[in-house]
Amino acid sequence: MAAATDIGTRDVPSQTGKKPWYSILYVQVLIAILIGIVVGWLFPNLATNDWIKALGDGFIKLIKMVIAPIIFCTVVSGIAHIQNASKVGRVGVKALVYFEIVSTFALLLGLIVGNLAPIGHGLAAKPDAAAVANYVKQAEAQKSVDFVLNIIPDSVVGALARGDILQVLLFAILFGFALMALGERGHRLRDIIDDTAHAVFGVIAIVMKAAPVGAFGAMAFTIGKYGPAALGNLIGLIALFYITAGLFVVIVLGLIARFIGFSIFKFVAYIKDELLIVLGTSSSESALPQLMEKLERLGCSKPVVGLVVPTGYSFNLDGTNIYMTLATLFISQALGVDLSFSQQVTILIVAMLTSKGASGVTGAGFITLAATLSVVNPALVPGMAIVFSIDKFMSEVRALTNITGNGIAAVFVSWWEGELDHDLLQRRLNQQIDPSDVETAVTTG
């Protein structure tokens, strides 16, 4: 029997055989989403009840409850287990290089598609600026200097309580280096942190049993509140964004996967549970802990996963990048504001900065859009009201693209570091190891 290192998995013989289809999590979530769509469509008054909405909101809060401790424990543990401090810096630099290159491709793809399919022309929109005033106000915090300063927490306890990913990540990195510097004296504390991570993953396993309920509530409320009629003439933008995000995953991420030696489609199938949870909640953050655990099972290096994935939730949001450039062009077309080539280059540069302040929570993409428009051309800001009503329908695909991109990023950086178990990856993706036959294990001694 092969034991995993630290927080990992081991293969054990199946005692009961295959699970019945109705007990598989992704099947339950998918059924819940479909039921939510039907209830929201046929019974909108019931679906918009506060208690229905609370089902989705409550599930997201349960997940967010454990994100900060998971990030802290995994990052600290990952760094503390590394003997060479320079390796942490090397992994971080490689991750940032990857993030910038892939993010640029995502932004460029949005610009190219937006120019090739100018569906905003002829809309003759007269937006209500008041509808987006709150988002514009929040966008003020996305200025470059403020963004850098906001990474530094006023209080570690406050950062953990708020679940601020970047602030927790900064403290975890510093704490991990300090623990590594202690050498033998720090091993006992390191083991305690490892055990704490196992306990938190146990909490996640309990919370995930409520995933179908949360997905049902979130989807029913969304359809009940907005309904198919809410799409109106903006259905073209939604469809165009879906297609563009799909092209990015298949072409850009697909080529990266093929370069490493696996199929993007098999990878998507491998993380289907996490994708369906994200689809139901429209928040890529809701699947962060499970994604990290699954990437380790896939053969990715634990330290790499612990550093790349949490960082990617602020620095590698591919779906948000596509959305920002595509939506900016759509708004300018709808308002009759022609953007020159130099202005579009400005959009690209500004979006590369403002997107770094986004996090994997619902609505973050809309806030970063406000920040981008405010810098590029303030006259475009009122046009955000045009896409305000349909933002919810695009946030799901943003989140799906974000989580897929971060998963591929962790695999790529692990490969770049020479710490990707290719044999295990192929066996997992080819389903030669059944996920139902795998249990989490703790290495002792």
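The backbone N, Cα and C atoms fix where each Cβ goes, and this holds for glycine too.
These figures come from a predicted structure and were not determined experimentally.
When Cβ-Cβ distances below 8 Å are used as the criterion, the transmembrane segment (24-44) is approached by residues 208, 211-213, 215-225, 227-228, 272-273, 276-277, 279-280 of the same chain, each at least six residues removed from its ends. The transmembrane segment annotation in Swiss-Prot covers 24-44 (among others).
Residues of the same chain lying 6 or more positions beyond the ends of the transmembrane segment (62-82) and with a Cβ under 8 Å from any Cβ of it are 6-7, 88, 159-161, 163-165, 168-169, 171-173, 175-177, 179-180, 186, 190, 193-194, 196-197, 200-201, 203-204, 207, 210, 214, 281, 285-289, 292, 302-307, 310, 361. Annotated transmembrane segment per Swiss-Prot: 62-82 (among others), in sequence order.
If you look up Swiss-Prot, you'll see 96-116 (among others) marked as transmembrane segment, on the strength of sequence analysis. Residues of the same chain lying 6 or more positions beyond the ends of the transmembrane segment (96-116) and with a Cβ under 8 Å from any Cβ of it are 240, 243-244, 247-248, 252, 256, 311-312, 315-319, 321-326, 328-330, 344, 347-348, 351-352, 355, 405, 409, 412-413, 416.
Annotation comment: Swiss-Prot describes 163-183 (among others) as transmembrane segment, evidence class sequence analysis. Remote same-chain residues near the transmembrane segment (163-183) are listed as 64-65, 67-68, 71-72, 75-80, 82-83, 85, 88, 150-153, 156, 189-190, 193, 307, 310-311, 313-314, 359-360 (criterion: CB distance under 8 Å, separation of at least six residues from the stretch ends).
If you look up Swiss-Prot, you'll see 201-221 (among others) marked as transmembrane segment, on the strength of sequence analysis.
What Swiss-Prot records for 237-257 (among others) is transmembrane segment.
Swiss-Prot lists 334-354 (among others) with the feature transmembrane segment.
Annotation comment: Swiss-Prot describes 366-386 (among others) as transmembrane segment, evidence class sequence analysis.
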